Amino acid sequence: LFLSTFTLAVSAGAVLLLPFSIISNEILLSFPQNYYIQWLNGSLIHGLWNLASLFSNLCLFVLMPFAFFFLESEGFAGLKKGIRARILETLVMLILLALLILGIVWVASALIDNDAASMESLYDLWEFYLPYLYSCISLMGCLLLLLCTPVGLSRMFTVMGQLLVKPTILEDLDEQMYIITLEEEAIQRRLNGVSSMVEYQTAELERELEKVKSKKTNLERRKKASAWERNLVYPAVMILLLIETSISVLLVALNILYLLVDETAMPKGSGGPGIGNASLSTFGFVGAALEIILIFYLMVSSVVGFYSLRFFENFTPRKDDTTMTKIIGNCVSILVLSSALPVMSRTLGITRFDLLGDFGRFNWLGNFYIVLSYNLLFAIMTTLCLVRKFTSAVREELLKALGLDKLHLSNNPRDSETKPSANGHQKTL
């Protein structure tokens, strides 16, 4: 649990370091000779990026594998059972895993770049091997972000709709409260009348009662909400999400144009001006603030999209119902996403901050075709997800008008909210 907490702290540091660097650069530009900010300099920020890279490598390749193997270990046969035997087995497994990864990267390097200098550089573990290995992990993280972020950008509208109170347009909340109260009382009477011998029926009724109570709680919250919260906050948040998403897609489109006409737009690493020498944004402090907002928005969207993918739906942590193995897996996933977020932000042109330290030593960042394809795929996938999101209601109505709704051509989750009630009539809550 301590190792997982430390890994989450490193993930938070990797996410917050890029906004901190952008703010520091603008502060140094605004107050270049101020005595009270002399501690804030390029050396400090460069050292922080190196520490973030170091601890990310440590958590990803040492601490989290150690935590997983320690949970699964029982000690070698013939040894006295206990913590010492489990630690010994875990260390042996880590050594074998390190040899396996070393062999895989060695073969990959031989297949991709088969020359004497490349093979000799693998002997330099600290200066080449770990950055090369972390470059591969970062590329995988960026590919995962490419899948998660467009889905999360469209999913954010649904998530915020569940957290906020929607406007009551053509809805009668009193009637819905009356219906849900009757349904709750009916289930409660059935539950009281069921014999204790029928355990499976009792459990099913209890689950149904919990769902009804949660719906009743949501209706009560909507009924108690003020007119300002219903009619102003919800539309304002939705418009804000739409503006942020549109700005993100627009910046990616502009970055594609820059890549086609200007070689300096390539994220080649720490090749730009140092901290405090030039502004990272055309619009100065306002543009830097917008970049920071977009970076946080992309991070939240990527996490939402990660848990929205079908492959990772069962991976979502739940209160009082999450195994330690699943917690370790979630920590590793968040660490990979957090470490790849600065790279993705620079690759997509969200920020012009050239990555410092080992984060900027990725060979694939200098490949024009990889960077251009990444930008194109992100723009296309985000646009398609948003179009699908905002046209789903129209598509449902067209299917109903054509009589094709019975073929279940749509997998809209709203269909599951409509179910027959106890008296045979259908109602949508």
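Residue numbering: from 1, along the chain as shown.
Glycine residues also receive a Cβ, built from the backbone N, Cα and C atoms like all the rest.
Just so you know, TrEMBL annotations never went through curation; they're auto-generated.
It should be emphasised that the depicted structure is a prediction, and the values quoted were computed from it without experimental measurement.
According to TrEMBL, the transmembrane segment annotation covers 48-71 (among others).
The transmembrane segment annotation in TrEMBL covers 91-112 (among others).
Among the features that TrEMBL reports, transmembrane segment is placed at 132-153 (among others). Listed by sequence, the residues of this chain that lie at least six past the ends of the transmembrane segment (132-153) yet keep a Cβ under 8 A from its Cβ atoms are 53, 56-57, 60-61, 101, 105, 108-109, 122, 245, 248, 298, 300-306, 308-309, 336-337, 339-341, 343-344, 347, 358-359, 361-364, 374, 377-378, 381-382, 384-386.
Among residues of the same chain six or more beyond the transmembrane segment (232-260), those with a C-beta under 8 A of the stretch's C-beta atoms are 153, 156-157, 160-161, 164-167, 266, 290, 293-294, 297-298, 348-350, 368, 371-372, 375-376, 378-379, 382-383, 386. The feature transmembrane segment is assigned by TrEMBL to 232-260 (among others).
Cβ atoms under 8 Å from those of the transmembrane segment (280-307) belong to residues 15, 18-19, 22-23, 25-26, 30, 144-145, 147-153, 155-156, 159, 244, 247-248, 251, 313, 315-316, 333-334, 337-338, 341, 344-345, 350-353 of the same chain, restricted to positions at least 6 beyond its ends. What TrEMBL records for 280-307 (among others) is transmembrane segment.
Beyond the transmembrane segment (327-344), the same-chain residues lying 6 or more positions past its ends with a Cβ under 8 Å from any Cβ of the stretch are 1, 4, 7-8, 10-12, 14-15, 17-18, 56, 59-60, 64, 67-68, 71, 137-138, 140-142, 144-146, 148-149, 267, 295, 298-299, 302-303, 306, 312, 315, 317, 350, 355, 359, 362, 365. As annotated by TrEMBL, transmembrane segment applies to 327-344 (among others).
When Cβ-Cβ distances below 8 Å are used as the criterion, the transmembrane segment (364-387) is approached by residues 135, 139, 142, 146, 149-151, 153-154, 245, 248-249, 252-253, 255-256, 259-260, 266-269, 343, 346-349 of the same chain, each at least six residues removed from its ends. Feature annotation from TrEMBL assigns transmembrane segment to 364-387 (among others).
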